[in-house]
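TrEMBL lists 1-19 with the feature signal peptide. Summarising the annotation, TrEMBL assigns domain 'Cytochrome b561' to 57-268. Look at TrEMBL and you will find 94-115, 135-153, 173-194, 206-230, 236-256, 302-322 tagged as transmembrane segment.
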Amino acid sequence: MLWKLIFLIFSLLIVFISAQNENVTLETTTIQTTALRTTAIQTSTFSTFLNTTTINVPTLLFLNTTPTVNTTLSTMNKTNSIQSKPLAKQKAHANLMIIAWIFLASSGIIIARYYDYIFKNINWFKIKFSKMLHILLMIFVPILSIISFFVILSDNNWKWVERNAGLKFAHSIVGIIAVSLSVIQPAFGFLNIKIKQKILAKIIRYIHRVIGFIAFVLATISLYFGFFISDINLDATGWGILIGWSSWIIVLPLLLEVFEIIFKVKDEHDLLIEQKSGSSEIEKFSNKVKNKEKNLAAVQNILLVLHFMVASSISGILIFYVTRS
């Protein structure tokens, strides 16, 4: 089932990239048509000039005036075609990274950290629903990132960015580190599920979280670098959306942490285990804890739905800005 889903995603990506290439071809054709009309006007003006002057026509032909116009048109068409193709690859690279890191990675990280309780009675292949959802979201992050990496590498004639390229070189280094970390992450995730020894499992879980956090931060920084250096120019609205997204991924975890502190569910659980009261008092105390858990879960669910709305909306808007540029 998972491989069928991966195959479907690959198919959609191929269609997506092909559609962008078709759009660029259409833009190039439009530019060429406009240039042809301009040439026709120039030719008409030239003919009128010949009819209204006494200049010797063979002399003008000897000066090769008309072929110069044709040569200019041919050169312009070639230049437009050459410039359009790399831009299509830049757009594909940017859009794939937006999907991978703004929508998929952020959602996968949030679910793994705060939503272990959702559908806790449902298991897929002996794996809890929340963990499986985390896996399904995160497995496509390295896949899309690798595809995006090869797309932009082919745009640069399969050569690495030169050291003297400044911000472009920094973008390439930060980006490849983020992609590399995302590639090794599934291995730690697999070990986290399979290893039963508590201390070792805890260490691996900690490493998995730290690497994931570093990769996400580097990918976000690389995203900013990419928009600064590329030909894909965001206007004030586009930059406002990108900055708004950065603010959201900082505010959301803070809100979730604050609500956990407000409801004090973890502290209540610890106190329930430690106290040595009678069974009736423990039951009463347990009911109080369960009510707090329900209230906390309700708030967390609202924030999760809100996150999906924000992440999908911002991804869609940024893709729109990139595609139309």
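Yeah, the Cβs are placed from backbone N, Cα and C, and that goes for glycine too.
By the Cβ criterion (distance under 8 Å, sequence gap of 6 or more), the transmembrane segment (206-230) is not counted as touching the transmembrane segment (302-322), fewer than 3 such pairs being found.
Stretch with the largest number of CB pairs closer than 8 A to the transmembrane segment (302-322), among 94-115, 135-153, 173-194, 236-256: 94-115. Within the chain, the transmembrane segment (236-256) has long-range Cβ neighbours (under 8 A, six or more residues past its boundaries) at 102, 106, 110, 113-114, 220, 223-224, 227, 300, 303, 307, 310, 314, 317-318, 321.
Sequence-remote contacts of a segment are chain residues at least 6 beyond its ends whose Cβ falls under 8 Å from one of its Cβ atoms, and for the transmembrane segment (94-115) they are 13, 16, 20, 130-131, 133-134, 137-138, 140-141, 144-145, 147-148, 151, 178, 182, 209, 212-213, 215-216, 219-220, 222-223, 226-227, 230, 232, 245, 249, 252-253, 256, 300, 304, 307-308, 311-312, 314-315, 318-319, 322-323.
On the 0 to 100 pLDDT scale, the domain 'Cytochrome b561' (57-268) averages 84 in the predicted structure.
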